[in-house]
Amino acid sequence: MRIKHAVLTLWAALVTLPLLWAFMSSFKTDAEIFDSPWTPPAELRFDNWSRAWDQASIGQYLLNTLIVVGGALALTMLLGALTAYCLARYEFPGNRFIYYLLVAGMLFPVFLALVPLFFVVDNLGLLGTYHGLILVYAAYALPFTVFFLHGFFRSLPGAVAEAAFIDGASHAGVFFKVMLPMARPGMVSVGIFNFLGLWNQYLLPKVLNPDPDHYVLAQGLAELAVSQGYRSDWSGLFAGLVIAILPVLLAYVFFQRQIRAGLTSGALK
Amino acid sequence: MNLTRRGALLSAAAAAASTTLAACATGGGGDNEGAGKGDVSAENPLGVPADAGLEVVIFKGGYGDQYAIDAGTRLKEKHPKVAIDHKGIQGVGEVLQPRFVADSPPDVVDNSGAGRLDLATLVSAGKLKDLTELLDAPAVDDPGKKVRDTLMPGVIEDGTFDGKPLVLNYSSVLWGVWYSKSLFAKHGWTFPKTWEEMLTLNDEIKKAGLAPWTWQGKYPEYLNDPLLSMAAKAGGVEAVKAIDNLEAGAWQQPAVVAAAEAIHQLAVRGHILPGSEGLSHTEAQNAWCKGQVAFIPCGSWLEGEQQQVTPAGFDMVMATVPALTSSDKLPNGAVMAASSESFLVPAKAKNPQGGLEFLRYLFSKQVARGFAESAKALPVVTGATDGLTLTSGLGSVAEAVKAAGPNVFSYKFRTWYAPLSKAVDDATGELATKRINPQQWAERVQKAADAVAKDSSIVKHKR
Amino acid sequence: MRHGKYRFLVGALIVPLALYGVFVLSPYLQAFQLAFTNWNGVDSAPEFTGLDNFGRLWSDPLFLAGLRHNGLMLLVVPLAVIAIALALAAATKGTRVYRVVYFFPQLLSVAIIAVLWQFVYTPNSGLLNGALSAVGLDSWRRSWLAEPDLALWCVMIVLIWSSVGFYVVLFSAAMESVPEDIVEAAAIDGAGPVTVFRRITLPLIWESVQVGWIYLGIAALDGFALVQIMTVGPGGPDNSTEVMGLGLYRTAFAFGKFGYASAMGVAIFFLTLSIAVLLLRVTKRERVELA
């Protein structure tokens, strides 16, 4: 029993230490980070944070990211749920084909598609716009969402839907009023995973979002990391990293019960 | 209903996109109505249209982009109606590649930094504008002179392909070995003239409790620079040309193997800070800046890169690599040098005259002077640093330029043959960790060079 | 037959499928086409070169090195992650807070993970060497990422570290849906905890494990971002951490051979696809129904 807890604590330490260390480092000077990586800072240097915030315009990027990720997440969830539901609960010719076509989208390296994708987006006049980025994000999040929710919708009991049909509900009505609410736990789980993925998305905005005023957080961080490479501003980089991690961490802690609930009630079957 | 209609629209677009699949590479085009040319006058020698837009994309790396902003500001004084769209970015290649394919590029590009576009590819695809018109235009500071006469020797040649000047590099870069003048004064050390002396001094440095050398082990190319410099000094220009021309046995010339042996000795004699092979450039350079190590190999950008962490009174200076033997073919001051920060005007720019005009201001003395001050690097405009009080590092670089005179060399294989470049980096990393010996190093690299020479899919160049 | 089924299906599917077709499929198909050309990335008229690029793959030492390393990762990473995650999931029964904490790495982007671990492995001021010294194991200190025999394992450890949390949560969630009474009945019949786990729990959560195999298999065939940011070279020392994704990236962006890189992408795509299908077949078991 004691050994078990020692192991559990050890893993917890392995998982949290690097995070805490990054947090601590964001308050240190560069010299402190390199000379004594283990010790806490002599004084808390909040100027690292303000430097990261100003220099990398993290405030503006945070706002841009919220707009793009928020929009894309809503769109992905709606379309992903609709698609997964249709593929999971309806028999029709081509069902399996569509399903595998979608799932295959998870297997191809995205950066090969970047140049052709640029032209598609450019030809539609969507380059560098929020809604363009939202549509592309949603399209690339679709395969995982459908894959995840497909099993979820299959596992839902059919009786409730049957009853609703008998009561005269339409197909759309059954989906929105009956099945979607029942799928809520799964929706929350996949929503969180999509949020994480979209939040950290880097390659797509790099090519499709060239205007620095529209930069998302990942682009701002990359800029910080590159200039770090030239100017050796590690403390600023750590501050930027922590700023980028915090919203995600908060969202997770806030939603973690729902994630677990979503995974428990039959997802991934 | 509404949703469905939009869906239909999108799938029509998809169909359209997929029928022009192969045409993706030729896509765009067409709508490229340029701003054309305005009236040419003494005030406006390049005929910049009065109120066109001007899109400037600058690599914002070690040198920042203030100097390009300055150039824009000065251009705007002359052409108040030109709307300048300045973008300082990283990853120039990823951002601009599709725009070059689509023939809707910006008007001026600083194609530099990691992830820049391959210059040889841009040239062979005819994507760049001939800069002759700019070179023959009057200089901003002295209208009696042409722009071409205000640049350091070699700069125009560096950017000339098949007789056409297509690229102008902004900064002059030298490679050498750096040390702290104050640290050396404290211990009474002087920078060695030959590699033999270097190894002797290293033993002395070790006794003083310092590590003699470190290097940016995560990026092995940093150690290639002293190795290849010594090879060039010992073997002369012929040795360099043999390597660049992929001649049989070029990497097994005695001078080249001897240079590899010299670097190998650092490792064999324990002159390298333990762990260097796993350090990033930042970590290695910081260890050096903290006085834990005496020497570090690097290009002339080091001072600017380290300015935030360099302690006061450190006084870093760059020295040219010591002579390999007493019978080197090049004199001791000979130095590996090239120019960097490649500025170009795309052939399909919307406002090409504006792009040229921007470069005319960029290569003016005043802007170049600001570059020397803010970026701590040497601009290629002659006399730009005259009268400036140079920092110790930049001063030593300027002196090295003077001392070298005509004895300046550079290797081309790095830009010409990236796969060979990688093979050399890998081999040198192994050499510096004693996992291979100099003979094995030369064999490996020669094999890679032969493979490139045989590969018909790689375009060959000659010098 | 309920009327309007097809109208509903068409209405529901047309937007997502159009989106997917325009932004995902059509660029992918174009990339597939480029695999048969010598496109250099900016040229306007790539030349058709047939199967040339694919022929080249099998004599390209870097690609083959990548293939070998990804193969090793495929053997090691999924097995290690699933074993550790199953053990931790079983051991954390009733102690929720651990599971919340274990999920943390899942929240970080790969880039952040790679940067953090660089500081763990760096030889002179790194956390790992520091920790070894602190417990008196100075002779164990290494240049972790700079030694060809260790570097790939160091990368795999990061991959494992960052993946375990998700599967702990996944497996523990699945374990919670195993009915208590079956477990109790088995215990009364004299089955030890290991037997209960092997005979009852594992079969009942097998579908989750199977999904884990597939996700992890796909992840093991990638590893590009970690290698690119963390390793010497990157991909070194001396190509000891070369992975296929890195080779593809280098071929395209450093060597300017987009056609050849696309061929690599196509090869990786089919490889991943066959591994996923294979894993699905191999791990297939009769579904255990709890009626």
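Sequential numbering from 1, following the chain as shown.
Placed from the backbone N, Cα and C atoms, the Cβ positions cover glycine too.
No curator has checked TrEMBL annotations; they are predicted automatically.
According to TrEMBL, the feature domain 'ABC transmembrane type-1' maps to C:67-279.
Residues annotated as transmembrane segment in TrEMBL: C:71-91 (among others). Sequence-distant neighbours of the transmembrane segment (C:71-91) (same chain, 6+ residues past either end, Cβ-Cβ under 8 Å): 98-99, 102, 152, 156, 159-160, 163-164, 167-168, 170-172, 175, 197, 201-202, 209, 212-213, 216-217, 219-221, 223, 243, 275.
Among the features that TrEMBL reports, transmembrane segment is placed at C:100-120 (among others).
According to TrEMBL, the transmembrane segment annotation covers C:150-170 (among others). Outside the transmembrane segment (C:150-170), and at least 6 residues removed from its termini, the chain residues within Cβ reach (under 8 Å) are 69, 72-73, 76-77, 80-82, 84-86, 88-89, 92, 99, 102-106, 108, 110, 113-114, 117, 121, 142, 144, 208, 211-212, 216, 219-220, 223, 226-227, 230-232, 236-237, 240-241.
Sequence-distant contacts of the transmembrane segment (C:213-233) (same chain, at least 6 residues past either end, Cβ-Cβ under 8 Å): 70, 73-74, 76-78, 81-82, 110-111, 113-115, 117-118, 121, 145-146, 151, 154-155, 158-159, 163, 239, 241-246, 248-249, 268, 271-272, 275-276, 279-280, 283. Per TrEMBL, transmembrane segment is recorded for C:213-233 (among others).
The transmembrane segment annotation in TrEMBL covers C:258-280 (among others). Same-chain neighbours of the transmembrane segment (C:258-280): 31-32, 34-41, 46, 49, 53-54, 56-57, 63, 74, 210, 213-214, 217-218, 221, 244-245, 247-249, 251-252, counting only residues six or more beyond its ends whose CB sits under 8 Å from a CB of the stretch.
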